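S.K.: Next up is a structure, given as structure tokens.
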Amino acid sequence: MYTGNLLGFGLAVSSSAFIGSSFIIKKKGLQRAGACGTRARSGGYGYLLEPLWWIGMFTMIVGEIANFIAYIYAPAVLVTPLGALSIIVSAVLAHFLLNEKLRRMGILGCVLCIVGSTVIVLHAPAEHTISSVEEIWDLATQPAFLLYTASAIAVVLVLVLYCEPRYGQTNMMVYIGVCSINGSLTVMSVKAIGIAIKLTLEGSSQVARYQTWIFVMVAVTCIVTQLNYLNKALDTFNTAVVSPIYYAMFTFFTILASAIMFKDWSGQSFSTIISVLCGFVTVVFGTMILHSTREPDPQPVSDLYSSLSPQISWIVHANGEIWKHKDNGDSCPEVVAIIQPDHFK
């Protein structure tokens, strides 16, 4: 393995451990904030006053810094798939801390994620040498990548303006789609910033170049958007489902964007490319298995039975109808269950 790839590998692994933990810590903070105010999925921002959420945020920042440095030394096709480790961390912690049970097939899914990531790492290409931020700018403004960027922005706008108001609360792909597509642009701009910082530290200052600050503005915009919609996804859906699907989509779009912009596959043999693609497919199957074995979030009891009057008992017929049982002692045929108000306390 190339020296740069080895350093990037170590940083990416530590990054995944921090980021995987942050999912759980942040969700605990979101739950606490939602217990005494408007939840994030309903547009609330009470979690900003919750210390536990900020601890999770700090943990994620540490992980992202490690990830940021990893992108300086290794190609995105190597660093991004190692995010599979964050899936394992978040799924295991969710099992113990959030009571989101990880079944046997879920464990198999985690193993497949690790195997697929290992295959990708072993066949990752070397990073191309870049000597200035202008060179990165030329790569970012080539017609193929401009077409990708325009398509990504268009899809995100459709998801935000049309799909979110209609399907955001019932279909996690809306929130995850926004995060993943934005994430691919974030990685490209963050990688450009990282290279600019590296060149500056080596004596070739890139601070005065306007291209550097354009990449900074793009990165900040995309990161803020990602955080907002990731919070909504975590607060609305099961963490152990959100994490792997987000990872799979984020990895796919990032590898695609990197292949278009940085031409990662240039000069690589056909067998190497096929091996990386097989590794990615293995990871996708792992995430699908993990997704299919997760239990949906239970609906709160208060939402199910809040309409029932506390002054009377409710009798459920065999045909599914509900009949009020009052104090006059009238009986009802074909009774399946008598539900008392105290049953829900």
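Note that Cβ sites are derived from N, Cα and C of the backbone, with glycine treated the same way.
Values in this document were obtained by computation on a predicted structure and should not be read as measured data.
The feature transmembrane segment is assigned by TrEMBL to 6-25, 45-66, 72-98, 105-124, 144-162, 174-198, 210-229, 241-262, 268-290.
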S.K.: What same-chain residues lie close to the transmembrane segment (45-66): Cβ under 8 Å, and 6 or more beyond its ends?
M.R.: 11-12, 14-19, 21-30, 32-34, 36-39, 86, 231
S.K.: Compare 6-25, 72-98, 105-124, 210-229, 268-290 by their Cβ pairs under 8 Å to the transmembrane segment (241-262) and return the stretch that comes out on top.
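M.R.: Checked against 6-25, 72-98, 105-124, 210-229, 268-290; highest Cβ contact count belongs to 72-98.
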S.K.: As a test: from 6-25, 105-124, 210-229, 268-290, pick the stretch that has the greatest number of Cβ pairs under 8 Å with the transmembrane segment (72-98).
M.R.: 6-25
